[in-house]
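Participant: Sharing a structure with you now.
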Amino acid sequence: MNSLVTQYAAPLFERYPQLHDYLPTLERPFFNISLWEHFDDVVTRVTNGRFVPSEFQFIAGELPLSTLPPVLYAITAYYVIIFGGRFLLSKSKPFKLNGLFQLHNLVLTSLSLTLLLLMVEQLVPIIVQHGLYFAICNIGAWTQPLVTLYYMNYIVKFIEFIDTFFLVLKHKKLTFLHTYHHGATALLCYTQLMGTTSISWVPISLNLGVHVVMYWYYFLAARGIRVWWKEWVTRFQIIQFVLDIGFIYFAVYQKAVHLYFPILPHCGDCVGSTTATFAGCAIISSYLVLFISFYINVYKRKGTKTSRVVKRAHGGVAAKVNEYVNVDLKNVPTPSPSPKPQHRRKR
């Protein structure tokens with residue numbers, strides 16, 4: 001295969017020698033362009049030197065939302081605003097806000113894609129040179145660029161609270177799954193930053209990848225553009241969730257066995273505080289419980305409105321689990337039973 005590539009690529013490189021400058025390398029996997037250096041330069045210029053990514057250090061107490069009290073205040077304020085707002089606006093007409101909603105989703109698509117590409121650039125050499133176990137369990141994978149990206153992703157979690165504000169203003173239903181997820185994810189990111197867990201890149205990069213697709217879909221939908229891959233938005237969320245569980249349970253096992261049951265087989269310790277390890281495991285596990293609960297409600301409790309609507313939807317749970325975060329079942333007509341097939345009489 002390599003010889004075939006060389007055979008067909010050689011004439012191209014002879015004709016356009018400048019293409020050699022864009023061959024990917026381990027340190028620069030995106031066309032030999034250092035995304036981090038360009039990002040550092042652009043952000044430094046835009047902020048007039050107030051924020052220099054390459055010089056960033058996460059120091060608790062010196063940065064916004066870097067200690068527990070303001071984090072809890074922000075999350076509490078989020079719940080007060082959305083539930084108080086829903087009560088205060090209950091008798092008003094729904095706001096349309098389609099233009100702002102499009103802008104919101106376009107901004108979050110761009111932010112998620114930027115952070116994802118920057119993170120992949122940092123992770124490729126770590127994983128290739130040192131292996132996957134090193135990347136998720138060794139302190140050497142807790143690098144300055146990645147910590148900078150982790151903190152920026154953490155701040156974005158609070159920006160994503162605006163998702164729910166739109167639901168309130170548009171008089172959409174607020175479900176426990178949606179509201180809990182936003183608050184819990186912000187808290188999860190805080191605990192992992194404080195606990196220096198090297199595995200942080202796994203759930204963060206997967207989540208960023210899903211959010212690129214999800215927010216882009218919401219942007220297109222707000223513009224009235226239908227896409228064939230709608231149901232894959234939630235399938236990607238489910239895949240992300242399963243991978244998160246696998247990686248995090250592996251890391252928690254390594255940590256727990258190393259500390260408390262060293263005679264059991266394990267690879268070694270996983271870096272990160274015990275508090276961060278078990279807090280992360282608890283929050284991720286709660287997502288598992290919520291999804292299983294939804295699944296049981298749809299497929300095991302026959303006859304409920306949720307079950308009938310979801311089962312009749314194209315794609316079933318995979319297409320509707322995320323949509324049911326926002327949909328108001330009271331306003332969804334109960335599907336009528338499918339009519340019995342009529343047979344033509346033979347003459």
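Numbers run from 1 along the shown chain.
Glycine is no exception: its Cβ is also placed from the backbone N, Cα and C atoms.
According to Swiss-Prot:
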MOD_RES   T334  phosphothreonine
MOD_RES   S336  phosphoserine
MOD_RES   S338  phosphoserine
MOTIF     178-182  motif 'HxxHH motif'
SITE      K255  site 'Determines the chain length of the elongated VLCFA'
TOPO_DOM  1-62  topological domain 'Lumenal'
TOPO_DOM  84-96  topological domain 'Cytoplasmic'
TOPO_DOM  143-146  topological domain 'Cytoplasmic'
TOPO_DOM  170-200  topological domain 'Lumenal'
TOPO_DOM  222-231  topological domain 'Cytoplasmic'
TOPO_DOM  255-275  topological domain 'Lumenal'
TOPO_DOM  297-347  topological domain 'Cytoplasmic'
TRANSMEM  63-83  transmembrane segment
TRANSMEM  97-119  transmembrane segment
TRANSMEM  123-142  transmembrane segment
TRANSMEM  147-169  transmembrane segment
TRANSMEM  201-221  transmembrane segment
TRANSMEM  232-254  transmembrane segment
TRANSMEM  276-296  transmembrane segment
Participant: Check the transmembrane segment (63-83) against the transmembrane segment (276-296) for contact, please; criterion is three or more CB pairs under 8 Å, pairs 6 or more apart in sequence.
Facilitator: no
Participant: Cβ under 8 Å, sequence separation of at least 6 from the ends of the transmembrane segment (123-142): give me the contacting residues as numbers and ranges.
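Facilitator: Residues 26-27, 29, 196, 198-199, 201-202, 205, 247, 250-251, 254, 267-271 contact the transmembrane segment (123-142) from elsewhere in the chain.
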Participant: Using a Cβ cut-off under 8 Å, which residues of the same chain at least 6 positions beyond either end of the motif 'HxxHH motif' (178-182) come close to it?
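Facilitator: Contacts of the motif 'HxxHH motif' (178-182) (Cβ under 8 Å, skipping residues fewer than 6 from its ends): 78-79, 82, 157, 160-161, 163-164, 167, 286-287, 290, 325-326.
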Participant: Around the C-beta of K255 (site 'Determines the chain length of the elongated VLCFA'), how many further C-beta atoms are within 10 angstroms, looking at every protein chain?
Facilitator: 25
Participant: Using Cβ atoms and a strict cutoff of less than 8 Å, what residues sit near the topological domain 'Lumenal' (170-200) while being 6 or more residues removed from its termini?
Facilitator: 58, 60, 65-66, 68, 71, 74-75, 78-79, 82-83, 86, 89, 94-97, 135-142, 146-147, 150-151, 153-154, 157-158, 160-161, 163-164, 207, 247-248, 251, 270-273, 275-277, 279-280, 283-284, 286-287, 290, 294, 324-330
Participant: Any residues 6+ beyond the ends of the topological domain 'Cytoplasmic' (84-96) with a Cβ under 8 Å from its own?
Facilitator: 165, 168-171, 174
Participant: Using DSSP with the three-state reduction, classify K255 (site 'Determines the chain length of the elongated VLCFA') as helix, strand or coil.
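Facilitator: Helix, per DSSP.
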Participant: DSSP on the topological domain 'Cytoplasmic' (222-231): how many residues come out helix, how many strand, how many coil?
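Facilitator: Across the topological domain 'Cytoplasmic' (222-231), the residues distribute as 3 helix, 0 strand, 7 coil.
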Participant: At a C-beta cut-off of under 8 Å, are there same-chain residues at least 6 beyond the topological domain 'Cytoplasmic' (143-146) that contact it? List them, or none.
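Facilitator: Long-range Cβ neighbours of the topological domain 'Cytoplasmic' (143-146): 36, 53-54, 56-57, 118-119, 122-123, 126, 200-201.
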